[in-house]
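Colleague: Just dropping this structure here.
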Amino acid sequence: MAEQKTVTFIITRQDSPDSAPYEETFHVPYRKNMNVISGLMEIQKNPVNAKGEKTTPVKWDMNCLEEVCGACSMVINGTARQSCAALVDHLEHPIRLAPMDTFPVVRDLVIDRERMFDALKQIKAWIPIDGTYDLGPGPRMPEKKRQWAYELSKCMTCGVCLEACPNVNDKNDFFGPAAISQARLFNAHPTGEMNKSERLEGLMEKGGLVGCGNAQNCVQVCPKGIPLTTSIAAMNRATVVQSFKNFFGSDNAH
Amino acid sequence: MVDHREYFYRRLHSLLGVVPIGIFVVQHLIVNHFVVYGEESFNKAANFMGSLPFVLALETFVIYLPILFHAILGVYLVLNTRNNPRRYGFFRNWMFLLQRVTGIITLIFIAWHVWQTRVQVALGNTEVNFQLMEGILTQPFYFWFYLISIIAVVFHLANGLWSFCVSWGIAQSPRSQQIVTYATIIVFLVVSYIGIRTIIEFV
């Protein structure tokens, strides 16, 4: 039988949140059409590194396996992306995997994206419809606007835009482009619009949209092609208008 | 209002960079350009600027305080950034890095320039005139220092105009941001020309 073809993975590993990262190499049997995750699964099945030593299986995060949930994001050959959608046949070899270390590393390739979810809370990225009685149907959304909003709604909080952003780091509390675009999405919704100012206030709070320095990496790397920088500029205008209303306006009924 | 201080300071930082600092820089370079029409012409213009009514108040509120604020917050912003153009080598990411580099060059240059000119005048060591600048710019080190610094200052202004337009939500669509990029390139070229033409005249 011909020699089994293998794929080499060089993985940046870390045993605990506080320990130092190190690299470990693995040779994994090749299969046709495999993606990075199936390679990681092979390592999990047989956690032996390139030197033939038995080691701990590499940990990573995943869920949907179809580039919708955002959980499996990692830095693959220097670029942050989803490992489920990274096909081995399309990658340069050896394949280098590293965690998106803009975020706190939990273990190996597992990161903690909590700052993104905190940001969504800060900007109230939801539409409050709960009440003590049935409020009835909300206003309708024009089809053209719905199609436009659908593009913004594709955000899966994957963190790739934060990883690419020079202003998102451990010295800076900027919450990143994703939440800014979500504020725009919910403010565009006919019902969500009723709480527009609350989201804009959230954007104006600490860590909010003024943390953006317009490096515009986010829009280049977004796996969903979301117009993040247009969203940022649009929210810049909206918050300017809001702050003028707050200061010069007659009352706070907006 | 909850904690909107960061928001306010960043907006103020962006505004001050254009009004009054940007306007002042362009005005300063245009007035200096009088040297092209001769030594006499330059001295007359410098004299006029120096003898404006309320000159100290104008300098303080239009120049010193805005620049001081813009510089202090600017250095803070530089320190809070992790530049990554090697991994993400997009045009705007390079501009982002250059904006910070030219900002620091500008800060060093302004400190030096104010010390060499305004402070020396205040101490009574010299007067603002053609001889003062000729004395500085005929030394090769200062000539190149001024030349590079002027280009850096104008870059910082022109690219800053672009991010001003984005940060205030004036240019939102990718197309409009692209057009503003072209416009600011023209601003960079024109204002750089004025500045460089001026210092060459002193040598």
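Including glycine, each Cβ sits where the backbone N, Cα and C put it.
Nobody curates TrEMBL annotations by hand; they come from automatic prediction.
Below are the features I grabbed from TrEMBL:
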BINDING   B:His28, B:His70, B:His113, B:His156  heme binding site
TRANSMEM  B:12-34  transmembrane segment
TRANSMEM  B:54-79  transmembrane segment
TRANSMEM  B:91-115  transmembrane segment
TRANSMEM  B:141-167  transmembrane segment
TRANSMEM  B:179-200  transmembrane segment
Colleague: Rank the binding-site residues B:His28, B:His70, B:His113 by the number of other Cβ atoms within 10 Å of each Cβ, and give the residue at the low end.
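Modeller: Relative to the other binding-site residues in B:His28, B:His70, B:His113, B:His28 has the fewest Cβ atoms within 10 Å.
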Colleague: Near the transmembrane segment (B:54-79), which residues from the same chain, at least 6 beyond its ends, have a CB less than 8 A from one of its CBs?
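Modeller: For the transmembrane segment (B:54-79), the nonlocal Cβ contacts are 9-10, 12-13, 16-17, 20-21, 24, 100, 103-104, 107, 110.
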Colleague: Sequence-remote contacts (6 or more beyond its ends) of the transmembrane segment (B:12-34), Cβ cut-off under 8 Å?
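Modeller: Cβ under 8 Å, 6 or more out: 41-42, 44-46, 49, 62-63, 66-67, 69-70, 73-74, 150, 153-154, 157, 160-161, 163-164, 167-168, 191, 194-195, 197-198.
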Colleague: Please give me the CB contact count at 10 A for B:His156 (heme binding site), counting all chains in the structure.
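Modeller: Other Cβ atoms within 10 Å of B:His156 (heme binding site): 26.
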Colleague: For the heme site as recorded (B:His28, B:His70, B:His113, B:His156), determine the largest distance between any two Cα atoms, in Å, rounded to the nearest integer.
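Modeller: Looking at B:His28, B:His70, B:His113, B:His156 as a set, their Cα atoms extend up to 18 Å apart.
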